[in-house]
Amino acid sequence: MNLGLNVKEIERYDLVILLMAVALTCFGVVMVYSASSVMATKKFHDGFYFLKRQGVYALLGFGVMAVAMRIDYRTWREYAVPILLGCLFLLFLVFIPGIGGAAKGASRWIRLPGFNFQPSELTKIALIVYMAYSLDKKQDKVKFFSTGFLPYMVLLSVVLLILLKQHDLGAALTMGLVAIIMLFAAGTRPRYIIAMGMMALPILYFLVMNVDYRRRRILAYLNPWEDPTDTGFQIIQSWLAFGNGGVLGQGLGEGKQKMFYLPEAHTDFILSVTGEELGLIGVTVIAAMFLMLVLRGVRVALMAQEPFGRFLAFGIATLLGIQSFVNMAVVTGLLPTKGLALPFISYGGSSLIVTLFAVGILLNISTRLKGAP
């Protein structure tokens, strides 16, 4: 397979999606350096520590995206089942001593030389590919409970139980939402989804309120000022960052909250640093870029030539939309903390590489739209 791309070949792809993905990734590398340099200097005696790693992740991600762009998306339909089974196997590997890695009480990573891989990130794409394959196969049968709803709920329950065992409620909720939205778009009867939601609410309440750190997050979300030095500390510092930034920002690299005030400044709360340094204008531009990317993804889904491509593109666009919206809502205090990275921008190799891989698939679908030669 020739991976070289000439100008005419590039023009076949949705250039808006391509440009948004590249621009957000490059911006993310810059912001990771800005948000992490002080901490990296103190912890590793190298202010460029996270910048160098994120730069490598970005290059790897661009390479993976370039490969995915050239692979006919219909190829993934043939391997949907083994890919999903492989990802489920990887999810189990994190529990094996010596292979799995833990941090802050959560077992979510597989230790690789120089790199910790988070299989839940790849499982998100595997689940979307499988659901697109299955929904395409079932067609009108998706309207029936026994064939078009129950099997997906069983599969989803298995995946979510594994993720909850890893203490990864954020990934579990994300996958659940993406799956439900895909089912709704495919024609599943709304009453099934509503009934499932009503049954899930008490379970979700138990999962949150029965676990101390999750319960404290909810209480901090409702009233962070009740405990401003502990559970409410992170969101208060995030608000201070946005407040310091105002409309125009303090200037790139000039933020103060990243100086050990704001926890997770270069990961989950990197948008807060962006708000402090680039202001409301900078955050608005980033939000607009995400919105444009998601809308173009939905456009690709609507114009796809056949159902598998339609469901696959819609699932990827939905995933990008949910993850970016939830992260932005968390850092502004609209939602309780979830531990979800901001796609393309937050520090992290697994998230960035898998996200660019998904964009590559979306770009390939964009070359095979209705009316295209």
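Note: Cβ is positioned from N, Cα and C throughout, glycine not excepted.
Look at Swiss-Prot and you will find 15-35 (among others) tagged as transmembrane segment. Within its own chain, the transmembrane segment (15-35) has Cβ neighbours under 8 Å at 48, 50-51, 54-55, 58, 61-62, 65, 252-253, 255, 258, 265-266, 270, 273-274, 277, 286, 289-290, 292-293, 296-297, 300, 342-347, 352, 356, 359, 362-363, 366, counting only residues six or more beyond its boundaries.
Remote same-chain residues near the transmembrane segment (48-68) are listed as 3, 5, 21-22, 25-26, 28-29, 32-33, 36-37, 40, 266, 347-349, 352-353, 355-361, 363-364 (criterion: CB distance under 8 Å, separation of at least six residues from the stretch ends). Per Swiss-Prot, the feature transmembrane segment maps to 48-68 (among others); the stated evidence is sequence analysis.
The transmembrane segment annotation in Swiss-Prot covers 80-100 (among others).
What Swiss-Prot records for 144-164 (among others) is transmembrane segment, and it gives sequence analysis as the kind of evidence. Long-range contacts of the transmembrane segment (144-164) within the same chain: residues 88, 91-92, 120, 123, 127, 130-131, 134, 138, 171-172, 175-176, 179, 183, 186-189, 192-193, 196, 207, each at least 6 residues beyond the stretch ends and with a Cβ under 8 Å from a Cβ of the stretch.
Annotated transmembrane segment per Swiss-Prot: 168-188 (among others), in sequence order, evidence recorded as sequence analysis.
Tertiary neighbourhood of the transmembrane segment (192-212): same-chain residues 145, 149, 153, 164, 169, 180, 183-184, 218, selected by CB-CB distance under 8 Å and a gap of 6+ residues from either end. Positions annotated as transmembrane segment by Swiss-Prot, on the basis of sequence analysis: 192-212 (among others).
According to Swiss-Prot, the feature transmembrane segment maps to 278-298 (among others), an assignment based on sequence analysis. Here the transmembrane segment (278-298) has Cβ contacts under 8 Å with residues 14, 16-17, 20-21, 23-24, 27, 242, 245-250, 252, 271, 313-314, 316-317, 320-321, 324, 328, 343, 345, 362 of the same chain, all six or more residues outside its ends.
What Swiss-Prot lists as transmembrane segment is 311-331 (among others). Outside the transmembrane segment (311-331), and at least 6 residues removed from its termini, the chain residues within Cβ reach (under 8 Å) are 73, 76, 124-125, 128-129, 131-132, 135-136, 170, 174, 177-178, 181-182, 185-186, 235, 238, 268-269, 271-272, 287, 290, 293-294, 297-298, 300-301, 304, 337-338, 340-343, 346, 355, 358-359, 361-362, 365-366.
Summarising the annotation, Swiss-Prot assigns transmembrane segment to 342-362 (among others) and lists sequence analysis as the type of evidence.
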Q: With a Cβ cut-off under 8 Å, give me the same-chain residues at least six positions beyond the ends of the transmembrane segment (342-362) that come close to it.
A: 14, 17-18, 21, 24-25, 27-28, 31-32, 35-36, 50, 53-54, 56-58, 60-62, 64-69, 71, 73, 76, 115-118, 121-122, 124-125, 128, 266-268, 270-271, 274, 286, 290, 297, 300, 312-313, 316-317, 319-320, 323-324, 327-328
